Structure formats: structure tokens, C-alpha cells
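Among the features that TrEMBL reports, domain 'Formyl transferase N-terminal' is placed at 20-192. Feature annotation from TrEMBL assigns (6R)-10-formyltetrahydrofolate binding site to 75, 100, 101, 102, 103, 117. The active site, proton donor feature in TrEMBL is assigned to 119. Annotated site 'Raises pKa of active site His' per TrEMBL: 155, in sequence order.
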């Protein structure tokens, strides 16, 4: 699968690892999978959270720069601070890994086209915060994990990769979500290892799986 976000100009295989900033809000289990799988293709240069959380602790334990940008009364002002925190690391790619805030216009104007997210369902079905619960309620026999570009909508960005997960007769939300998380970790690593970043100023990314 090839994403439609193609680089503008020649883009040979990256001569250095892509530098990744990861956005987190919680335990950071997906972040840990990304950290553990670092290789010659990518490295995590910074972790940014909206609250002090275990994800920040995981970053610090790995010797990775970490910053908390807490939400204040002014959401627009918070978005500007978030942009500054991410931009300070000059990332090639931004990964939203369980980040529980919607990224605003300022962020997208700076990083759209190179910000990716994971979702615990096969988009475009079951968008939003309750993808696993909604899939179970609908009675689907197969759901899964999606990696997609982030845009101004909620889980509406262009799909990069998907992996199915069968729904078992005895599944509840927790058991199904745990199996999806296993696939999700493998899928995001596969995407990050495959990403090629344009050397042009827009740093558009191309992903071939």
C-alpha cells in the first residue's frame, strides 16, 4: 500500500533515521513498543504529553526528552504551546499514540501530512473514542487496527495501513481491545520503519508497505 502523501521531488531511502516525536496522554504502552523497536529507520527524539503520565516516565527511563504541555483555559493558546514543544525537536514525523486531545488548526498547519494516529477499529467504520465498544455493539465479526494521517476531522484522515482482528464469541470490550493493542503495536512499528521523508521543506512523507 502506498499513501497518497507523495514527496515533492526525489526522495531516496533516508540517509539517517527519521526523527519522531510521540504525543501521549496515558500509560504509554504504545509508546514503549515504538521505543523498543527503534532501529536504523527511526528514533524517538521527544515525547510530549498533555498531562503528567506514565508515558512521560517511560520516555525519561529511555533517556528521551520529555515535556508536559498542560491544557489551560485557552485552547488556542494551548495549541500554540503544543506546536512550540513539538517544533523544538524538529521532527520528521509526529505520532499520536493514545493522545486524548484533538489537534487544532495551528498544529495541523505546521504538521499535517506528517502526523499519524492509530485507531482501534477498521476505519472508516467506528470512528471516535469508543471504536472497540461500538464494533462489539454492532456485532461485527472482524475489527482491527488502523494507522492513518491526522486531519481536521475525528479519525477521518487518509488510511495508511490496517490489520484485521477477529471478534470472538466470548469477547468483551477489554479482551478485544487487548488483542487489538497487540496488532496496533506491530502495525505502527511497521509503518514507522517504512516511512520515507521528503528532503523538501514540507517534509511530506511517503509510506510503502
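For all residues, glycine too, the Cβ spot is worked out from N, Cα and C.
All features noted in TrEMBL, drawn onto the structure.
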residue : record                                      : contacts (Cβ under 8 Å, 6+ apart)
75      : (6R)-10-formyltetrahydrofolate binding site : 104
100     : (6R)-10-formyltetrahydrofolate binding site : 25, 26, 50
101     : (6R)-10-formyltetrahydrofolate binding site : 25, 50, 71
102     : (6R)-10-formyltetrahydrofolate binding site : 154
103     : (6R)-10-formyltetrahydrofolate binding site : 79, 82, 96, 111, 115, 150
117     : (6R)-10-formyltetrahydrofolate binding site : 95, 96, 99, 147, 148, 149, 150, 155, 157
119     : active site, proton donor                   : 127, 131, 145, 146, 147, 148, 155
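The Cβ neighbour count for residue 155 (site 'Raises pKa of active site His'), using a 10 Å radius over every protein chain in view, is 20.
Within the model, the domain 'Formyl transferase N-terminal' (20-192) carries an average pLDDT of 97.
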